[in-house]
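Structure record follows, encoded as structure tokens.
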Amino acid sequence: MDKMPQWADVVLIPLISLILAAILSALVILGIGEDPVAAVNMMVSGALGSTYGWGYTLYYATNFMFTGLAVAVAFHARLFNIGGEGQAMLGGLGVALVCLYVPWPHWSIALLAACGAAMLFGAIWAAIPAYLQARRGSHIVITTIMFNFIAAALLNYMLVNVMRPVGSMDPASARFAETVHLPTLHELLVPIGINFSKAAPANVSLLVAVLACVVVWALIWRTRLGYEIRAYGHSETGALYAGISPYKITMVAMLISGALAGLMAINNVMGEAERLVLNSTEGAGFIGIAVALMGRSHPFGVFLAAILFGFLYQGGAELALWTNIPRELIVVIQALVILFTGALDNMVRMPLEKIFLALRKGKA
Amino acid sequence: MEDKTIKAVPAIELKGISKSFGPVQANKNISISVAPGTIHGIIGENGAGKSTLMSILYGFYKADKGEIWIKGKKTEIPDSQAAIAAGIGMVFQHFKLVQNFTVLENIILGAEDGGLLQPSLAKARKTLAELAAEYELNVNPDAVIEEIGVGQQQRVEILKALYRQAEILILDEPTGVLTPAEADQLFRILHRLKDEGKTIILITHKLREIMEATDTVSVMRRGEMTATVKTSETSPEHLAELMVGRKVLLRVDKVPARPGKPILEIENLRVVDEKGVERVKGIDLTVRAGEILGIAGVAGNGQSELLEVLGGMRPGSGAIRLNGRALPLSGPGSDARARRAAHVAHVPEDRQREGLIMEFHAWENVAFGYHHDPAYQSGIFMNNAALRADTDRKIEKFDVRPADGWLAAKNFSGGNQQKIVVAREIERNPDLLLVGQPTRGVDIGAIEFIHKQIVALRDQGKAVLLVSVELEEIFGLADRIAVMFDGHIMGERLPHETDEKELGLLMAGVSGEAA
């Protein structure tokens, strides 16, 4: 018998964790002499109070959806891919190469090609740690995190020594051509009569991210490959018994994971910056871990958690801009959310399970 | 309640013990009274609440209600220290010994006097010699645990309890890992302890042991104590009925086998495990159509590896042929998927780690290993509707309870989990069925059913290779018995031409000629 209904597991626990994190954050804000109610108001109006705020919230959320899905897919195979950051950087490199060196007639074809390149580069970057894990037993947590540093160094080299336009002092590539400009939400929504903010960076990549959520859901729960990935994730000896190759699943799950992380680049590189800059990922690869944890590795959960973290990012930026609350505190708030929804999961879960058991006993 | 009939003060008395885990009531109002200097058996199926009761007695759990009286005194047992102080010693099913410590070091572990080890060791050595003389419990105090046999290790556990001055000894399924001869020795020791005035509680699911060793026996069913009887006044059939709540057939009903052509031929099969240890050391076996070949042996003598290599779970060397066709033992085509394609079905030894994914729904588990079956596919997706329909059929045919395909495997009882595995494998109509410990942790009612299914497959002219550590099961099912010891086949016997004594010697590595 399950200890509690599924809705409690999926909705109630994250919600309570979130409220706890919010209460603690409020105490911290009180502690530094600011007004927590005003701070919450500021965050909500800054992130959700205007189409401009929404545009930023959704832009960040798009990044987090991709990296969250990446972590979630690997999680299902019990692989902890914390190399999303590096894989997303490499994805950016792929996107930049495709956009800079091929004259595309229309953004839609360019987007398809950029998706392909981003996924390919991200997957290649994940393939090496995956191979080392599957064949040599090198722990994937160690190797993927090391590959983040290698990716950063590689990108640095490429931008400074290879891709930097002649005469520029900026470690960044040239701007992409106007033909590969992705339509922003403003451009997409004007034809149907909605006047979305022009300045916000959210773009058509959001739709790709939502599509990716659906595809990942179908992959994990509706295909044979997903079945094998989940079976392997639950029991490696079970997989051997069922004739599922641990090598194959480790490789395939990591390739898909890397491809999803790489795909983030169509949003931040192609959609927003329209050129490749240093540190273009801004830590989104790591936020993806929190997003996947909070979303219970379910694509729908990842979707919601990505929007929440988008809100925290954008609301936090507004808070730092308009109040005396330092930017570091925003990181504290985000950390508290991660701490409560991820690491301290059992703290909420166990009492809640007891309550549900007591309720059921009362009925029985 | 009836303790007036017992003259002496009971060594241990439980009054109205109840314990719930959430909605599950593991113990319901249990009262027993054990006279000093007796062996009291507690028998019941898996999940009947035996272990919970003993855990309460040893301070691992706290009872919701009820009292514990020891030697006529009401005693609180909040933790295992209190249990030890009250004179209770526990020998667990899985020994709690430090593998690379000596016997002596293990015995004083947790009972050292002061910070320096030497005085404790010297004292223990002296006490140990006394105990050995008193109870005929001989072990070499300087032997390292990992180098002595399981029977010896169990003695160390008993000595540990006696060293802590236990008056009441609880043994949980003590014979699970022993050969018949070692089990006999254990029972001799227990009788000796009893004669010296110790009180022993023996928890087991084996009826034979209860009949052989105990003075009184309590039967547990679904958390309740259904009866307490004098062993001399009961019979195995009666006890089984009390355990299950209905009449059960203890003997497997089957007609003589009519072996046909060889299905599986094994030649010089060798298996080296991940640590580089050779576990199967060149064995030759043949399993014919329409027969059950039983592999007897104490756990850990290479039977598991034999099953795994045949099932495609690990590589080996040598040769195996199925229906005359060679099957690869390593490299491509040697995995479990290829074995299934060759019509080899496998009911693995450990259903929870291998045979099922515990978190998966029952219907997902019905496809496990057969998830490539075209009947379960629909384009690029899996045809879950077809799979669920198939599951419902199997659930009905094999009487899986509760009959709910959406339930996760972990939420079924051991017996019903095993029925799911057996249904999945047997319904494939394989040429060869590999079965490991088919009834481990399975309740008596389900054992009967599973045995029937295996015999029915044999009667259809299929070959069955059965690995079991339960000699009773081997005798009941097998048409031919091979005994495995240390990776070798020690000999083959026909069930009606041998007995437990002879097999026991073979299982202990004494070859047929010497026996």
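Using the three backbone atoms N, Cα and C, a Cβ is placed for every residue, glycine included.
Residues or ranges marked as transmembrane segment in TrEMBL: A:12-33 (among others).
Sequence-distant contacts of the transmembrane segment (A:53-75), counting only residues of its own chain at least 6 positions beyond either end whose CB sits under 8 Å from a CB of the stretch, comprise 45-47, 81-82, 84, 87-88, 122, 184-186, 196-197, 199-203, 205-206, 209-210, 212-213, 216, 219-220, 229, 233, 253-254, 256-261, 263-264, 267-268, 271-272, 281-282, 284-285, 287-289, 291-293, 295, 297-299, 302-303, 305-307, 309-311, 313-315, 317-318. TrEMBL lists A:53-75 (among others) with the feature transmembrane segment.
According to TrEMBL, the transmembrane segment annotation covers A:87-104 (among others).
Annotation comment: TrEMBL describes A:110-128 (among others) as transmembrane segment. Residues 70, 81, 83, 86-88, 90-95, 97-99, 102, 104, 143-144, 147, 151, 179-180, 182, 204, 208, 251, 254-266, 270 of the same chain, all 6+ positions outside the transmembrane segment (A:110-128), place their C-beta atoms under 8 angstroms from a C-beta of that stretch.
The feature transmembrane segment is assigned by TrEMBL to A:140-160 (among others).
Annotation comment: TrEMBL describes A:199-220 (among others) as transmembrane segment. Cβ atoms under 8 Å from those of the transmembrane segment (A:199-220) belong to residues 51-56, 58-59, 61-62, 65-66, 69, 72-73, 76, 111, 115, 182-186, 188, 226, 229-230, 256, 260, 263, 266-267, 270-272, 298-300, 302-303, 306 of the same chain, restricted to positions at least 6 beyond its ends.
Sequence annotations record features per position, and here TrEMBL assigns transmembrane segment to A:249-270 (among others). Below 8 angstroms of C-beta separation, residues 59, 62-63, 66-67, 69-71, 73-74, 76-77, 79, 81, 83-85, 87-88, 90-96, 99, 110-111, 114-115, 118-127, 129-131, 133-134, 140, 176, 180, 182, 203, 205-206, 208-209, 212, 216, 219, 225, 228-229, 232, 239, 276, 280-282, 284-285, 288 of the same chain, each at least six residues beyond the ends of the transmembrane segment (A:249-270), sit close to that stretch.
What TrEMBL lists as transmembrane segment is A:302-323 (among others). Cβ atoms under 8 Å from those of the transmembrane segment (A:302-323) belong to residues 14, 18, 34, 38-39, 42-48, 53, 56-65, 68-69, 72, 209-210, 213, 287, 290-292, 294-295, 329-330, 333-334, 337, 341 of the same chain, restricted to positions at least 6 beyond its ends.
Summarising the annotation, TrEMBL assigns transmembrane segment to A:329-348 (among others).
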Top Cβ-contact partner of the transmembrane segment (A:12-33) among A:87-104, A:140-160, A:329-348 (pairs under 8 Å): A:329-348
